[in-house]
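Engineer: Before I ask anything, let me first share the structure, which is written out below as structure tokens.
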Amino acid sequence: MHVSIVGSGYVGTTVAACLADLGHDVVNVEIDEDIVASINAGEAPIHESGLEERIAAHAGTRLRATTDYDAVRETDVTFLCLPTPQSDDGSLDLAIMEAGAESLGRALASKDDDHLVVVKSTVLPGTTEDVVAPILEAESGTPIGEGIEVAMNPEFLRMGTAVQDFLEPDKVVFGTASDDAAATLRELYAPILERDGTDPVETDVREAELIKYANNAFLASKVSLVNELGNVAKAYGADAYEVLEAVGLDDRISERFMRSGLGWGGSCFPKDVNALRAGAREQGYEPELLDAAVAVNDGQPRRLVDLLADHVPLEGARIAVLGLSFKPGTDDVRKSRALDVIDVLTARGADVVAYDPVAIENVRPDYPDIEYADSSEGALTDADGAVVATGWPEFDGLSVDGMARTVVVDGRRIDVDEDALEVYEGLTW
Ligand SMILES: NC(=O)c1ccc[n+]([C@@H]2O[C@H](COP(=O)([O-])OP(=O)(O)OC[C@H]3O[C@@H](n4cnc5c(N)ncnc54)[C@H](O)[C@@H]3O)[C@@H](O)[C@H]2O)c1
Ligand SMILES: O=c1ccn([C@@H]2O[C@H](COP(=O)(O)OP(=O)(O)O[C@H]3O[C@H](CO)[C@@H](O)[C@H](O)[C@H]3O)[C@@H](O)[C@H]2O)c(=O)[nH]1
């Protein structure tokens with residue numbers, strides 16, 4: 001099939017490379033010329049396992065990128081993979097989606113045969129049919145349903161495992177308003193669906209939009225509940241990991257997403273939970289449980305620093321922050337809890353020296369005044385205390401020899417020889 005993908009960031013690039021891998025002919029339409037050049041040169045513009053080799057294998061044959069929206073006219077389907085950020089008040093900001101839909105609609109004005117526009121970005125119920133579709137209709141001059149159709153196909157991939165998640169998904173969701181649109185999506189995803197004998201979840205557009213938010217709200221709230229239970233465990237002097245490992249043996253609960261500690265960050269959970277809270281309020285519903293999930297999450301960085309302050313006077317102390325990315329396996333620092341920890345530490349007068357295996361350059365522009373080390377040993381040298389903010393595997397078995405005082409407060413449960421330390425405190429154990 002001939003597919004165009006508008007927006008070539010984390011999602012658009014991954015989806016494009018994977019669809020090319022599945023045998024489709026794919027073009028990325030992207031406004032950033034560096035990204036376009038990178039894909040056409042066969043190089044991955046982002047750090048994701050399995051992406052580089054797929055782009056290298058297909059660039060110039062089944063995969064290309066362009067800044068020119070006219071390329072969509074040579075395709076049957078367009079996926080919108082544009083950012084849907086959070087406004088200052090927490091609500092969903094659709095300005096980029098609207099601009100993308102305008103450009104796409106204009107390009108489709110001179111296309112003769114049928115075209116399916118699929119929203120893959122995370123958008124609140126009603127956005128595809130009530131915001132995107134009218135723009136496409138106005139700009140193309142083609143009524144929806146008479147040559148142009150819209151559909152919604154939410155994406156559940158995670159940073160760090162994006163390629164594998166796309167190619168081997170737990171579920172595939174098609175939100176459509178017609179049998180034709182559903183059939184086109186089934187054909188496009190056929191290699192994935194046939195391999196596992198998976199049936200796609202087929203719904204109307206509005207349900208597909210909400211499935212994505214419900215999914216993220218559920219997972220984020222699960223981690224917040226786990227953190228609340230972890231905080232209670234700590235108050236009782238109990239180990240939350242032992243408790244929750246046992247709880248997770250219940251099939252109804254599952255052992256996944258049970259790691260308590262510093263909480264959830266990243267480009268999705270915070271903005272999506274906030275968009276859903278704002279959207280629910282707009283609909284006249286008070287989402288009290290989601291409010292609480294955010295409050296528990298926002299409290300964890302301060303709790304971590306409070307624990308450290310029980311052992312080390314922070315004013316003027318040299319404190320190592322180990323890990324900056326929002327989770328291991330990615331250089332993404334968007335809404336990373338590590339940054340909140342740094343904010344609290346510096347507000348309380350500590351001198352921060354930070355280390356991360358891949359994410360330092362993404363933090364430096366916003367935090368030019370803290371010190372950076374090129375290894376965990378370097379960060380720990382002469383430190384009066386350390387906090388673990390991201391659970392990178394390389395922090396397991398940490399060497400603390402050079403520390404002024406061997407005080408370690410762990411927000412991610414790394415593997416550490418507690419007997420070698422003056423103080424080891426886990427956030428929830
Ligand atoms: N990152 C994830 O893990 C993930 C997973 C599932 C769903 N999502 C959702 O997918 C959407 C995209 O997320 P992302 O992380 O890929 O965003 P991103 O910021 O990494 O990428 C978006 C890309 O769109 C480009 N762009 C902006 N305006 C454009 C325009 N008018 N025309 C063409 N290109 C334009 C940007 O230059 C950028 O490269 C969001 O709605 C997000 O919530 C993200
Ligand atoms: O037991 C756990 C699991 C996760 N986290 C934290 O939760 C956040 C999110 O982690 P994860 O879900 O693995 O990463 P993302 O790449 O943000 O993926 C989420 O957000 C994406 C964008 O919407 C969705 O597509 C994915 O399905 C959804 O898992 C990170 O800060 C993790 O450190 C915990 O604290 N404890």
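Placed from the backbone N, Cα and C atoms, the Cβ positions cover glycine too.
What you see is a predicted model, and the numbers here were worked out from it, not measured in a lab.
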Engineer: Look at the NAD(+) binding annotation in TrEMBL, where Thr122, Lys271, Arg334 are given, and name the residue from Thr84, Thr142, Thr161 listed for that site too.
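Structural biologist: Matched candidate out of Thr84, Thr142, Thr161, per TrEMBL for NAD(+) with Thr122, Lys271, Arg334: Thr84.
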Engineer: Which of these, Lys111, Lys327, does TrEMBL say binds substrate at the same site as Lys212, Phe257, Met258, Arg259, Ser260, Gly261, Gly265?
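Structural biologist: Checking Lys111, Lys327 against TrEMBL: the substrate site match is Lys327.
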Engineer: May I ask for the distance between Cys268 (active site, nucleophile) and Thr122 (NAD(+) binding site), taken between their Cα atoms and rounded to an integer number of Å?
Structural biologist: 9
Engineer: List the helix, strand and coil residue totals of the domain 'UDP-glucose/GDP-mannose dehydrogenase C-terminal' (320-416) as derived from DSSP.
Structural biologist: 23 helix, 18 strand, 56 coil
Engineer: Which has the fewest other Cβ atoms within 10 Å: Met258, Cys268, the recorded positions listed?
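Structural biologist: Among the recorded positions Met258, Cys268, the sparsest Cβ neighbourhood within 10 Å belongs to Met258.
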Engineer: Does any of Thr84, Thr122, Lys212, Lys327, Arg334 have a Cβ within less than 6 Å of an atom of ligand 1? These are the binding-site residues; tell me which, or none.
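Structural biologist: Checked binding-site residues vs ligand 1; flagged Thr84, Thr122.
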Engineer: Name them in sequence order: residues not among Thr84, Thr122, Lys271, Arg334 whose Cβ is within 8 Å of the mean position of the Cβ atoms defining the NAD(+) site.
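Structural biologist: Counting only non-site residues, the set is Pro83, Pro85, Gln86, Ser267, Cys268, Asp272, Ala275.
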Engineer: If you measure from the CA of Thr122 (NAD(+) binding site) out to 10 Å, which binding-site residues from the list Lys212, Phe257, Arg259, Gly261, Gly265, Lys327 are inside that radius?
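Structural biologist: Near Thr122 (NAD(+) binding site), where near means Cα within 10 Å, the binding-site residues are Lys212.
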